[in-house]
Amino acid sequence: MSQARPATLRVAVLGAGSWGTALAAAASRRHPTVLWARDGAQAQAMAARHENTRYLPGVALPHALQVSADLAQALAHLAHDPAHALIILGVPVAGMTPLCTELAARLPALGLQAVPLVWTCKGFEEQTARLPHETVQAALGAMPGLAAGVLSGPSFAREVAQGLPVALTVASGSSAVRDAVTTALHGAAVRIYASTDVVGVEVGGALKNVIAVACGICDGLALGTNARAALITRGLAEMARFGAALGAQQETFAGLTGLGDLVLTATGELSRNRRVGLEIGAGRKLADILASGMTAEGVRCARAARDRARALNIELPITEAVCAVLFEGLSPMTAVSALLAREARPESPTP
């Protein structure tokens with residue numbers, strides 16, 4: 001770390017889904033932590049049972065973790081010592097704009113505008129095709145002293161909440177953000193690596209979900225592990241090309257938030273994106289899958305990723321194929337055949 005920080009931070013995690021809850025549990029094992037849930041009944045149940053029965057059933061949460069449905073109360077927890085505090089946004093991409101807009105009104109009034117802030121969502125905003133840092137900049141960029149970054153990496157929330165080992169990357173141009181996240185989470189079961197490549201980390205986190213859907217489709221079609229390995233490898237090339245066009249550092253895609261997260265999401269049994277792909281490959285329709293309650297960020301952001309890539313003239317054949325299957329009625333096997341029929345070309349380690 002670039003400078004020494006106190007042993008104790010005040011942490012507020014905003015968003016009580018599976019990932020927000022898991023990070024709050026990890027932070028609360030060493031630091032005073034408040035988890036904010038928008039749903040009052042959910043917050044009350046979590047506080048009473050020390051369990052998030054909606055998103056992480058069966059996982060016991062630390063008794064030290066405070067849960068509140070009052071955003072003002074969660075932020076007031078930080079106001080006692082704003083110089084030694086951290087805000088973690090645990091909401092999905094779709095929740096970033098409303099939450100950041102609300103924070104823009106609240107943080108300066110409480111003297112919290114310079115508190116380090118990180119988001120954890122992965123994907124492109126559906127309506128705008130923005131990456132999360134662009135959403136944060138649009139909502140909070142005018143706030144003086146803003147220090148922000150992204151926390152990402154190969155991680156299933158349930159395992160983190162259970163205290164199993166995980167390695168994550170915090171990316172920010174601010175050393176205060178990198179240091180605060182390391183202080184809050186780095187410990188026996190959580191290893192934090194630091195980076196300055198916000199764009200690269202975000203592109204990896206977004207596109208790996210789309211590639212994981214493709215890998216699930218491949219597995220659902222029983223095309224074998226060779227085909228899955230090819231999709232993972234060429235999917236990584238798509239991530240690197242997209243990142244290069246946006247100014248990302250290429251080495252980021254060989255790290256935790258690129259290759260690491262892609263392998264986990266494309267192969268892990270807990271991966272929702274892979275499960276959706278498996279169902280598609282087995283012949284189910286997307287509408288039926290979504291109606292059953294199964295959700296996946298790869299479905300939400302696939303079109304936005306494709307549209308932004310087209311606007312930038314970036315070639316993303318796997319992403320294009322996933323969109324054609326999900327939204328345009330192309331059969332999975334026809335999509336595979338089209339990918340295999342592409343013109344032969346040299347393989348290059350660079351985009």
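Note that Cβ sites are derived from N, Cα and C of the backbone, with glycine treated the same way.
If you check Swiss-Prot, you get these features:
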type	residues	note
BINDING	S18, W19, R38, K122, A157, R272, E297	NADPH binding site
BINDING	K122, G153, S155, K208, D261, S271, R272, N273	sn-glycerol 3-phosphate binding site
ACT_SITE	K208	active site, proton acceptor
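Working note on the binding-site residues R38, K122, K208, R272: by count of other C-beta atoms within 10 Å of each C-beta, K208 ranks first. If you draw a 10 Å sphere around the CB of D261 (sn-glycerol 3-phosphate binding site), it holds 26 other CB atoms from the protein chains shown. Cα of S18 (NADPH binding site) to Cα of S155 (sn-glycerol 3-phosphate binding site): a span of 11 Å. Within 10 Å of S155 (sn-glycerol 3-phosphate binding site), judged by CA to CA distance, lie the following binding-site residues from the set W19, R38, R272: W19. Take the CB of E297 (NADPH binding site) and look out to 10 A: across all protein chains shown you find 25 other CB atoms. Proximity of W19 (NADPH binding site) to non-local residues of its own chain (separation of 6 or more, Cβ distance below 8 Å) is seen for G90, T120, S155, A157, V160, given in sequence order.
Separation of the C-alpha atoms of E297 (NADPH binding site) and D261 (sn-glycerol 3-phosphate binding site): 14 Å, rounded to the nearest whole number. Each of the binding-site residues S18, N273 was scored by the other Cβ atoms within 10 Å of its Cβ; the lowest score goes to S18. Cα proximity to K208 (sn-glycerol 3-phosphate binding site) (within 10 Å) is found for the following binding-site residues from R38, K122, R272: K122. A separation of roughly 25 Å, to the nearest angstrom, links the Cα atoms of N273 (sn-glycerol 3-phosphate binding site) and R38 (NADPH binding site). If you draw a 10 Å sphere around the CB of G153 (sn-glycerol 3-phosphate binding site), it holds 24 other CB atoms from the protein chains shown. Using Cα positions, the member of the binding-site residues R38, K122, R272 nearest to D261 (sn-glycerol 3-phosphate binding site) is identified as K122. Geometry remark: S271 (sn-glycerol 3-phosphate binding site) versus R38 (NADPH binding site), CA distance 25 Å.
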